[in-house]
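J.: Just lifted these from TrEMBL, have a look:
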TRANSMEM  21-47  transmembrane segment
DOMAIN    21-436  domain 'Major facilitator superfamily (MFS) profile'
TRANSMEM  59-85  transmembrane segment
TRANSMEM  92-114  transmembrane segment
TRANSMEM  168-185  transmembrane segment
TRANSMEM  197-216  transmembrane segment
TRANSMEM  250-271  transmembrane segment
TRANSMEM  283-304  transmembrane segment
TRANSMEM  316-332  transmembrane segment
TRANSMEM  344-367  transmembrane segment
TRANSMEM  379-403  transmembrane segment
TRANSMEM  409-429  transmembrane segment
Amino acid sequence: MQANAAIPQVHEISKAQRRKAILAATIGNGLEWFDFTVYSFFALIIAKLFFPTGNDLTSFLLTVATFGVGFFMRPVGAIVLGVYADRVGRKAALTLTILMMALGTAIIGLAPTYSSIGLWAPALIVVARLIQGFSAGGEVGGATAFLIEHAPDEERGAYASWQQASQGISFMLGAAMGALVINGLEPEQIDAWGWRIPFLFGLLIGPVGMYIRSHLEEPPAFEARRAERAASKVKFSPLTQVLRDHPREVLAGLGVTILWTVCTYVLVFYMPSYAKQQLGLPLGATFQSTALCGAIILVLCPLMGMLSDRVGRKRMLGTVALIIGVLAYPLFHWLNVSPTTQTLLMVQVILGILLAAFTGPAPAVLAEQFPTEVRSTGLSLAYNFAVTIFGGFAPLIVTWLISATSSNMAPAGYLIAASCISLTALALFPSHPGRD
């Protein structure tokens, strides 16, 4: 009786607490994606300053590879920070992830170039990306679990979708900062110091996010589970429990995440370089298209999350995955036949709508596969292994495919393959409606 009395009841969460949960969960994700966005915009400049090889393609590939190297740390971060969030708490994990994100951003923004310190310059960029990769490994799982556990049961899709909507804000802000630097400074100024401005601006987000997250309250459902464990005194290993009890959920979640991550990284992070290098479009056009894509994601992700609460998430994801697979080739063919800014914007609009329709409901789908006590660990594993293998290296893979096949249609083929894999995974997905 004494042990049971120590277990708190799950109380009603106020609207103010729910709003604060959305803000706290999204600000860290926003910082992560803002940094990724500006890195992709200035990839060609970073290649020249930190990876000078005498060959533009080789330097660019090294820069893209450095972008991807941080993803090797994401599975490590998923395990360490996912388990930390399930054992210690969502608040502690989320505060730690945003601190590490800010540190990685600071290193990139302040790092001396190759001409100043030689090989230490690219080494610093690699270290920064490893730190960011580790922190990002725990961010999505912890933040999505936090959102789901603050949401009413009938609004989980809407609440979790803010995890993706925050990316839209980051894309828009990153594009705006990129355009400001490119249009406001001379090329010599950009190479000398202008490219650093967006990274240093992003650094300002870190202290705000840390303050907000340090004043959070744990979700009541998580507190109740933690109290139950303390009362039972049973040894608790989130990683062991996930691998033992939920292997199918992890594998199916990984498969569904493949299209989610491939579409995001190809559409947002690779498209600026693709439009400039393969299509010969001005860099300003890529800023416009990315900002437009960000606006679409910001507006539509919450709406798509709400829609999934009504029509069903699995059915919705399957329909969108099929449409992406069917339209990928015609859209990239159109872009190559008519390589204009207007065509780029139209293609980004169509793919942006489809991306929002898939990624709006997707976080809730993954989160609902795992019970509260292991939700962060399970979600982090499924999401980050897919991102590491298929998403983070998508720009490098697609760049290599274009070179190997001498075809600008390689991105379409990659999207089609991802669609097929995710459709198969959806068919294998267990259904756990309303899992707490």
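Keep in mind that glycine also has a Cβ here, set from the backbone N, Cα and C atoms.
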J.: Do any residues of this chain, six or more beyond the ends of the transmembrane segment (250-271), have a C-beta under 8 angstroms from a C-beta of it, and if so which?
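T.: Non-local partners: 36-37, 40, 67, 167, 171, 242-243, 286, 289-290, 293-294, 317, 321, 324, 344, 348, 351-352, 354-355, 358-359, 362, 365-366, 369, 378-379, 381-383, 385-387, 390-392, 394-395, 398-399, 411, 414-415, 418-419, 421-422, 424-426, 428-430.
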J.: Do the transmembrane segment (283-304) and the transmembrane segment (344-367) come close, with at least three CB pairs under 8 A (pairs 6 or more apart in sequence)?
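T.: Answer yes, regions in contact.
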J.: To what whole number does the mean pLDDT across the domain 'Major facilitator superfamily (MFS) profile' (21-436) round?
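T.: Looking only at the domain 'Major facilitator superfamily (MFS) profile' (21-436), pLDDT averages out to 88.
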